[in-house]
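Report on the following structure.
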């Protein structure tokens, strides 16, 4: 028998949790207007679908899909209000802003799928064109146009407003902009109305209604039923062309990419951070788009051992917070320690190598195989990149001395420094050995025996 829990907390189902969150959003006064428009949208969509069936017009069906898209935009607006109410949780430490992006991406993709469905149905109608009844065609056009414009202009939809401005222009906007420039050249007073970038949703609503009006007139005058199919194809292409740039932009945000227009600003800020007092190196910087208009990022900063961590952290955060809203900065102190070398004479028993005093040569990587550790150059006073961030000897294997005694630091040799470029041509150089002398397996400049022998007498 299993353990009996008398006071077990009841587990809510998925729909129970969804209903609880919906009640949380519905309690806000700002969402009442959206819920009212959503109810009217469902009612209008039902009437439009019935009129599409009675008129047998596929062009009106394609235009009705824009009303369904308005319903998705209202749902996205509700999700935006819900995101503002919720705080980050341990599971979702960055918050729920990405749900807005996901809602916009799903809405635009569904609109494009509806446009593809209209194109498929229109291709079938070209083979056998049915008769179109114009009784409710014009009425349905004006009902759908009025509701779409009223919804777009009355509800402040923050996610779609941002995407429509940030995404690239559609081909419909470009053609209308060209016509507007030509018209404003003739009538300059219209420049304040037509020259600014038009709202793509309002533009497609007006263009679709214009196509349906032409369809109604041609069918009433000449019984030219094929124009209904042509109008449906035109509305579907305009819908696809309008939604495609928005879906591409929101998809890039979901893929956690960096917007191209802020890459130059981020590079400038990184260079400014690398010149701050106490900062030796900036590495592993990574920035991505968290939501619409918000960036997140992380960066590793290596500082001097005598630098104040809190002061450097405050300066770095102050520089980057102008662009990056959610920033993680990790501070590392410099771990490069040079041994203190004395300039006195060498003691007679400083080193006691074995009889053969063989030092195995370390394995060195080729210059081509080395990869840069950081994207920002280190300062001249900083240590080499092999000793960065507690990874000493990343590219060079350590040298093992085959004697049992501990090597003292007071060698009494002249302190020199061999640049990294000479390591591959002259052999490995150690700190404390002259700059022009490296250690090789044969040791041509070192006597074969030195120190004291086993009897305590100096060796020759």
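Keep in mind that glycine also has a Cβ here, set from the backbone N, Cα and C atoms.
What Swiss-Prot lists as region 'Disordered' is 371-390.
Taken from Swiss-Prot, the feature topological domain 'Cytoplasmic' applies to 1-33 (among others), supported by sequence analysis.
Same-chain residues lying 6+ beyond the ends of the topological domain 'Extracellular' (55-64) with a Cβ under 8 Å from its Cβ atoms: 45, 48-49, 114-115, 118, 121-122, 125, 130-137, 140-141, 144, 208-209, 211-212, 215, 228-229, 231-232, 235-236, 239. Among the features that Swiss-Prot reports, topological domain 'Extracellular' is placed at 55-64 (among others), with the record citing sequence analysis.
Applying DSSP to the topological domain 'Cytoplasmic' (86-98) sorts its residues as follows: 1 helix, 0 strand, 12 coil. For 86-98 (among others), the entry in Swiss-Prot reads topological domain 'Cytoplasmic'.
Panel annotation: around the topological domain 'Extracellular' (120-134), residues 54-58, 216, 219-220, 225-226, 228-229, 232-233, 236 of the same chain, lying at least six beyond its termini, place a Cβ under 8 Å from a Cβ of the stretch. Residues annotated as topological domain 'Extracellular' in Swiss-Prot, with sequence analysis given as evidence: 120-134 (among others).
Beyond the topological domain 'Cytoplasmic' (156-200), the same-chain residues lying 6 or more positions past its ends with a Cβ under 8 Å from any Cβ of the stretch are 73-74, 76-77, 80, 100-101, 103-104, 207, 238, 241-242, 244-246, 248-250, 292-293. Residues annotated as topological domain 'Cytoplasmic' in Swiss-Prot, with sequence analysis given as evidence: 156-200 (among others).
Swiss-Prot lists 245-460 (among others) with the feature topological domain 'Cytoplasmic'.
Within its own chain, the transmembrane segment (34-54) is flanked in space by residues 26, 60-61, 64, 67-68, 70-71, 74-75, 77-78, 81, 133, 135-137, 139-140, 143-144, 147, 151, 154-155, which lie at least six positions past its ends and keep a Cβ under 8 Å from the stretch. The transmembrane segment annotation in Swiss-Prot covers 34-54 (among others) and rests on sequence analysis.
Taken from Swiss-Prot, the feature transmembrane segment applies to 65-85 (among others).
Below 8 angstroms of C-beta separation, residues 58, 61-62, 65-66, 68-69, 72-73, 75-76, 79-80, 82-83, 159-160, 163, 232-233, 235-237, 239-240, 243-244, 246-247, 250-251, 253-254, 291-292 of the same chain, each at least six residues beyond the ends of the transmembrane segment (99-119), sit close to that stretch. Residues annotated as transmembrane segment in Swiss-Prot: 99-119 (among others).
Positions annotated as transmembrane segment by Swiss-Prot, on the basis of sequence analysis: 135-155 (among others).
Summarising the annotation, Swiss-Prot assigns transmembrane segment to 201-221 (among others) and lists sequence analysis as the type of evidence. Long-range Cβ contacts of the transmembrane segment (201-221) within its own chain (Cβ-Cβ under 8 Å, at least 6 residues beyond either end) map to 57, 59-60, 62-63, 66, 132, 134, 137-138, 141-142, 144-145, 148-149, 152-153, 160, 164, 172-173, 176, 227-228, 231, 234-235, 238-239, 242.
Positions annotated as transmembrane segment by Swiss-Prot, on the basis of sequence analysis: 224-244 (among others). Distant neighbours of the transmembrane segment (224-244): 57-59, 61-63, 65-66, 108-109, 111-112, 114-116, 118-119, 121-122, 125-126, 129-132, 170-172, 200-201, 203-204, 207-208, 211-212, 214-215, 218; these residues of the same chain sit at least 6 beyond its ends, with a Cβ under 8 Å from one of its Cβ atoms.
Residue counts for the topological domain 'Cytoplasmic' (156-200) under DSSP, split into helix (H, G, I), strand (E, B) and coil, are 33 helix, 0 strand, 12 coil.
For the topological domain 'Cytoplasmic' (245-460), the mean pLDDT of the prediction comes to 63.
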